[in-house]
Every structure is written in C-alpha cells, then in structure tokens.
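Quick notes on the structure that follows.
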Amino acid sequence: MPQLRSRTVTHGRNMAGARALMRASGVASADIGKPIIAVANSFTEFVPGHTHLAPVGRIVSEAIQAAGAVPREFNTIAVDDGIAMGHGGMLYSLPSRDLIADSVEYMVEAHCADALICISNCDKITPGMLMAAMRLNIPTVFVSGGPMEAGKATLVDGTVRKLDLVNAISDAVDESISDEDILRIEENACPTCGSCSGMFTANSMNCLTEVLGLSLPGNGSVLATHTARKALYEDAGRTVVEITKRYYEQDDETVLPRSIGTRAAFDNAMALDIAMGGSTNTILHLLAAAEEAELAYDLDDINEVSRRVPCLSKVAPNVAPGGTYYMEDVHRAGGIPALLGELHRGGLLNEDVHSVHSDTLAEWLKNWDVRGGSPSPEAIELWHAAPGCVRSATAFSQSERWDTLDLDAAGGCIRDVEHAYSKDGGLAVLKGNLAVDGCVVKTAGVDESIWTFEGPAVVCESQDEAVDKILRKEIEPGDVVVIRYEGPRGGPGMQEMLYPTSFLKGRGLGKVCALVTDGRFSGGTSGLSIGHASPEAASGGTIALVEDGDRIRIDIPNRSIELLVDDAELATRREALNGVYAPKNRDRKVSAALRAYAAMATSADRGAVRDVSKLG
C-alpha cells in the first residue's frame, strides 16, 4: 500500500518546523495527515482564457476540502499567444510550456503533494501541465477555464457576421474592408472570457484531455461564461479526492496518469484530433506528453491513425459547407462524447481504455453520448448549455439553454462516419526529402483543390521577412513561401505563423499559395500551411538548403513533400554551408533564457522537448 507522499512533512518530531509553516498558511491541526492536493491554477489578467480563473481555484479548493483532503493552491504563468503573436514575444510561447511543466513539478515535489488538479485553459498551459502530470505520475485531474463565446458584429451595411479572433487578424489586411468595419470586428471578435471560440490549440487540447481520460465530460466544450461550468469545477474537486483515496487507501494504480494515458488512449486522442481537425500544435504537445510518460509514440504512429480516421467535424477556422461552427456548436451537438461515439460506432477507437470518471469506454459512452448512449437527464441538461450573447469577462455569468440539441449526423456540426466531410482526417503527416523526419498539415483547413500543389519557393529567413514580402505584395499566386530558422532551436522557440497565413488569406492568396516552415502554426491557421518541418534548418534539415525558385511538390493524398532538386546539387549546397546552419541577415535579440532553451531543444518530430543529454 503506497504511503501518502505528504507524510514526509506531516509526520515525525523532526518535521515540526514544516508543520509550523503549514499551520501558518492556514492548515488546521485536524487536517494535518489528510491527503494534500496541489491546485495548479493559471489565473492571469493578461489572457482572456485565464482572467476568470481566480475564483475557480477557490471553488475547486472548497470541493476538495469538503471531500476530506487539504487543497493547496498555487499559480503558474500563462502566455497569451494572440497578444504575443507577430513580434518577438512569440519566441517565448513554446518555451513557456516546458517552464510551466517544470514549475508544477517544482511545487509538487518541494511540498510533497499527494495529488494534483490542473486548472488550465490556453495554448501552452494545458500541454505544460499535461507534461507535468505524466512526469510526476500522481493522481491528477484536469479542468479547464472553458471556451469563449463566438463573436457577432453588425457591420456598417447592416450585415450581421459571426466571427472570432482570426477574422480580426486576416480582415485587417483586406483593403476592401473599411476602417469602421475593422473596428467593429475588433470590438466584437472576442466578446467574453474563455479560450478563443474555434477549434484552435487551446480548445483542441482541452478536448483531448477528455479523450486521454484525465478530465470530466464537457471539459472541452462547456462555455466559460455558463453556470454549468461551476458544477464541473466542483465535480473535478471531488473526483481528484476520490482517485487519490483509491490510490493511497486501496493501492489502485489504475488512477495514475500513466495508467490512464496508455498507447491506446493516445491513439484515441489522435483519432479524435484528426476527426475534428484540431490544431497541428496538438501533435507537438501529444508527442511531448508521451515523452514525459516514457511512452514510445511518434509521427509514424500518428500517420497510421490519420490514414484510417475520416474528418467528422469542421470547426473554425475550418469552414463547413453550411457555414462556420464554433465550440458552442460542438457542445450543442453533444460535445466530445458525441464525437467519440461516432468514432466508436465506426470501429475507430481502441476500447481498452478508462478514465478518472469511468472504468470502461462503454460506461463512458453510455453515460455521456447523447446520440448512442443512455445518458441521465442531468447529462442531457449539460449539453443544452448555450451562449449568453452578452459581453462578459466573468465566469458563470449566464445560464442560457439551447431549445434543442444538434443531433444531425448527416449534416450537423458532428457527422457520422457515413457522412464524413472527407475520408482523410483533418490532420496529416507528410514526409519526403524536404522533411525527412516529417512535417504536419491541418487538412481540414485546406481546400481540396490544392491537396496536390507544386510551385516555386520564395525563401524567407524569418517570419518577419515573410510578413514584409506578403504585405509588399511580392508573393504571387502559385508560390510556396518557405520560412526557415524558426524551429525550436533556430528561432529559438518555434514561433507560430498565424500572421503570415492570415495575411495571405487577407490578400486573397489563401487558396492559391502554400507555406512551408520549420516553425509552427496557430490553431487558427487555415490554408495549405505545412509546419514542423524536421529536421529544422538550424539542425541541418533540407529546408536550410532551399533557394528561391526551387520547385516544391506537395501531395497530401500520398503524404509526401519533395524539394525537386537533385541529390548532387543538394550535397553541393550543404558543403558550401560548411556546417554553419544560421539565418542570413536576421537581426534578432535572443535572451539568455531563450538561448538556454535552444541549447537543449529537439526538432518538432520529438515534440520540441528538451534533451538534457545535450548538456554533456
């Protein structure tokens, strides 16, 4: 029977000083000896996805206390990728993921916590906490801040338009849109607290924690503003105490993150990710989490899943034939359990999985899938939680309900396998001489007319150079924009390329150009945007050898990407570089913190994790 980790500080005469400090921080004498649950919050006023989380920590802590354990709350950092986008701040986004993982580890290990509950939400916070959970392998539950409501703007001509953050970025460079309309779009694109309203990185990852079995049903889709989310926080607090007692009092190791997050669970997570056309960043983060779990899982495994799973849902920034769906629409369609149910009925899930709330997948779907299960009235009520359509930065500020659910499996937000948007899933891994170790593309956001594409390269040594060329109208239809030295080492920090892709879209080039990079893309990216080229340029990848005018061929159906230059010429170019792989004429200030990250960073095919063996 495992002993409570906290016994190290709660028992024995020699630890009187530690207990004195615990009493000073508010722990009552009667509570010393109970399980200590670390409550990892991520409240910050910088990020709309986190600005409402201050009271959430208290709600979760009160539920933990009532269930018989001792909550101890602390905060991690949280970077807003949207605010950091388009300038040097984006260099810090991906490295913050690993810093968050470390900070959670430091707090849990330093204070001998017995279990962990992670209150996350936005782009790097959920992945960082997921890495920490897999690293620590103590009982853990995730509960996120929830999605933002979709925006709605009335334009000057009276047109009412539903929108999100990406519209505010791409429309800003569309010269046909007036300044007044741009202001209205800006003012209404992000109307509430919560993670941005589409299937961008934050919401993708929060949905995937459901499939990995580490969060409760509804975690990825209940809106941040809805009162139903408060009940979710309370349930999460109770659940983490339940699984903590199962582990320490019943020796039940099945509740540990590595027992839940098995290869089968990762396969199911990728199946859902591919079916819903999630952010390409999810691939990066799942690979990193698998590495922390000491689980052999790589791009080849992901590619195998992508070959058999169709695209069943298209949520912004992906556009469905009938219009654009948002996270509130996913929720109305039954949330992640409904999408899992469709995959299960299609024979596309591994059934040998469990979660923090259900012992089997069958139990999970029976209780929560509104399409094929037999959910309770309370579960059905959860899926009726609707947007309030009122600007608010406050959690639990509204309790609107949908009159009906979207159960249309043929033409609704979530389709069945028979009516899939495409037989190919929403994400794909490409390989070829330009990316020997692989690269990724969000096929759900690519017009099928350009799934095969060939064009001349326009080489950019940085994201900034690419933006300048796009805005100066130097990019022509048919071009392949190549942005290199933006990988984990080369950036350093592997910047997101939302501005270049959004500006291509705003210039009307989104369906007639391609973009290839060793950097990465925002979950809000659409178009033929291929990222994570590995090895990256700074590690001597072929992308470092590309020259202006070289032809590049992209073939999504056959999962290939080729630089149409013969091997002898590439060898000559490599010899000319003389082992120096660095950008030309790039003026960029790189801090000591970023240099430290770059010294250990691996390429994207390994999740851009740090390899401490590089330290010697």
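Every residue gets a Cβ built from N, Cα and C, even glycine.
Here is what Swiss-Prot records for this protein:
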BINDING   Asp81, Asp123, Lys124, Glu496  Mg(2+) binding site
BINDING   Cys122, Cys196  [2Fe-2S] cluster binding site
MOD_RES   Lys124  N6-carboxylysine
ACT_SITE  Ser522  active site, proton acceptor
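Shown in sequence order, Ala78, Val79, Asp81, Ser93, Leu94, Ser96, Arg97, Ile100 are the residues of the chain, 6+ apart in sequence, with a C-beta less than 8 angstroms from the C-beta of Lys124 (Mg(2+) binding site). Across the structure, Asp123 (Mg(2+) binding site) and the residue listed as 'active site, proton acceptor' place their CA atoms 9 angstrom apart. In this structure the alpha carbons, written CA, of Glu496 (Mg(2+) binding site) and the residue listed as 'active site, proton acceptor' are 5 Å apart.
Each of Val79, Ala84, Met90, Ser93, Leu94, Cys122, Thr201, Ala202, Asn281, Ser522 belongs to the same chain as Asp81, Asp123, Lys124, Glu496, is absent from that list, and has a C-beta within 8 angstroms of the C-beta centroid marking the Mg(2+) site. Rounded to the nearest whole angstrom, the C-alpha distance between Ser522 (active site, proton acceptor) and Cys196 ([2Fe-2S] cluster binding site) is 11. Within the same chain, the residues at least 6 positions away from Cys122 ([2Fe-2S] cluster binding site) whose Cβ sits under 8 Å from its Cβ are Val47, Gly49, His50, Ala78, Val79, Asp80, Asp81, Gly145, Ser195, Thr201, Ala202, listed in sequence order. Within 10 Å of the C-beta atom of Asp81 (Mg(2+) binding site) sit 28 other C-beta atoms, taking all shown protein chains into account. Taking Cβ-Cβ distances under 8 Å and a sequence separation of 6 or more, the neighbours of Cys196 ([2Fe-2S] cluster binding site) in its chain are Gly49, Gly82, Pro147, Met148, Asp164, Leu165, Cys190, Ala202, Asn203, Gly524. Residue environment of Glu496 (Mg(2+) binding site) contains 32 other Cβ atoms, counted within 10 Å of its Cβ in all protein chains. Asp123 (Mg(2+) binding site) counts 34 other C-beta atoms within 10 Å of its own C-beta, drawing on all protein chains shown.
Other Cβ atoms within 10 Å of the Cβ of Ser522 (active site, proton acceptor), summed over all protein chains shown, number 31.
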